[in-house]
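Q: Dropping a structure here in structure tokens format, bear with me for questions.
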Ligand SMILES: NC(=O)C1=CN([C@@H]2O[C@H](COP(=O)(O)OP(=O)(O)OC[C@H]3O[C@@H](n4cnc5c(N)ncnc54)[C@H](O)[C@@H]3O)[C@@H](O)[C@H]2O)C=CC1
Ligand SMILES: NCC(=O)COP(=O)(O)O
């Protein structure tokens with residue numbers, strides 16, 4: 001039975017109550033929370049959800065049922081947590097949960113990891129350099145990764161992730177684009193079963209640079225990288241002007257879009273499918289999915305948080321585990 005680990009993320013955010021909601025949903029897997037059990041119990045109570053925490057025993061596999069029962073690896077909070085109130089004292093707790101989860105994925109104790117949202121700012125406020133889960137797992141695993149967000153109708157990958165907009169152009173390099181597109185192309189084949197993926201690549205500048213009159217990144221960096229990959233057989237479209245790349249006629253021609261930076265691609269995806277999108281880290285030696293939203297401190301602890309994206313992330317993780325097992329068996 002696939003064993004899925006799940007971290008709730010920021011303890012003052014909506015993550016803990018979303019885990020309680022997931023515990024009350026059907027998922028044909030062994031589901032293991034990595035969290036403070038009292039935090040999860042309090043979040044469930046505040047949301048009016050049943051939650052029975054069962055200590056994790058690694059040698060036992062238990063099929064999760066939608067009865068509010070959740071197996072849990074106990075990682076204690078560093079300080080009492082209050083919904084909606086950030087506390088830098090708990091940043092180390094968040095990192096503890098992610099570290100335990102990563103170790104378990106890297107040593108095959110878990111088949112996949114699902115993450116709840118973290119508050120990147122409060123981790124940094126605790127003097128722990130942290131830009132996101134994606135970069136954290138990439139560093140721990142020592143690999144290049146790609147952030148992909150997917151709804152049933154649209155897949156958007158990012159050439160750069162969590163960095164200041166001012167630093168984006170310098171972060172886009174030929175080598176980086178070749179690595180990113182190679183991971184994206186491979187995982188669209190292997191994880192999503194698309195035999196010949198068609199990837200639309202966005203330009204960085206307005207009108208994809210307007211022939212060099214509105215910026216040279218397309219001519220100097222993006223097109224040369226695409227030509228190298230096209231020569232290897234990759235089906236690449238573009239570079240396309242980002243403002244018209246997402247019209248339905250264009251999207252019908254591709255299986256995924258590669259955006260050059262976070263807010264070039266994700267607003268379109270979230271406008272179209274917020275709540276049902278899943279964030280998938282491609283390129284890792286393990287499967288990792290996550291929600292499409294943040295910590296939602298404004299509604300935490302009020303029973304208002306929608307668990308749809310976490311449930312979608314868990315189902316996607318399970319689907320990816322089953323796909324990789326089928327491939328390994330064939
Ligand atoms: N996977 C992750 O760890 C992610 C973490 N974040 C972090 O979250 C923090 C807050 O980010 P924001 O930009 O404010 O975005 P946010 O997604 O937390 O909130 C934006 C709006 O969406 C609502 N919302 C979010 N999730 C919801 C849910 N499940 N149900 C109902 N309403 C929901 C919030 O109440 C708020 O009005 C930041 O520190 C950011 O870094 C953001 C995105 C992903
Ligand atoms: N906007 C996506 C996001 O912030 C999630 O990033 P990560 O923490 O999954 O790397």
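Cβ coordinates come from backbone N, Cα and C, glycine included.
Okay, these came from TrEMBL:
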type: BINDING; residues: 133, 134, 270, 279, 288; note: substrate binding site
type: BINDING; residues: 162, 207, 262; note: divalent metal cation binding site
Q: So how many other Cβ atoms are close to residue 133 (substrate binding site), meaning within 10 Å of its Cβ?
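A: The answer is 25.
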Q: Less than 6 Å between Cβ and the nearest atom of ligand 2 is the rule; apply it to the binding-site residues 207, 270, 288.
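A: Within range of ligand 2: none.
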Q: How big is the gap, in Å, between the Cα of residue 207 (divalent metal cation binding site) and that of residue 270 (substrate binding site), rounded to a whole number?
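A: So the Cα of residue 270 (substrate binding site) lies 23 Å away from that of residue 207 (divalent metal cation binding site).
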Q: Can you give me the same-chain residues 6 or more apart in sequence from residue 134 (substrate binding site) with a CB-CB distance under 8 Å?
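A: Those within reach of residue 134 (substrate binding site), by Cβ under 8 Å and sequence separation of 6 or more, are 145, 147, 161, 162, 281.
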Q: Other Cβ atoms within 10 Å is the metric here; tell me which of the binding-site residues 162, 262, 270, 288 scores highest.
A: 288
Q: To which of the binding-site residues 207, 279 does the lowest count of other Cβ atoms within 10 Å belong?
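A: Lowest Cβ count within 10 Å among the binding-site residues (207, 279) is 207.
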Q: Cα-Cα, whole number of Å: residue 133 (substrate binding site) versus residue 262 (divalent metal cation binding site)?
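A: On Cα coordinates alone, these residues lie 14 Å apart.
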Q: Cα-Cα, whole number of Å: residue 262 (divalent metal cation binding site) versus residue 270 (substrate binding site)?
A: 12
Q: For residue 133 (substrate binding site), which DSSP three-state class applies?
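A: Once the DSSP labels are grouped into three classes, residue 133 (substrate binding site) ends up as helix.
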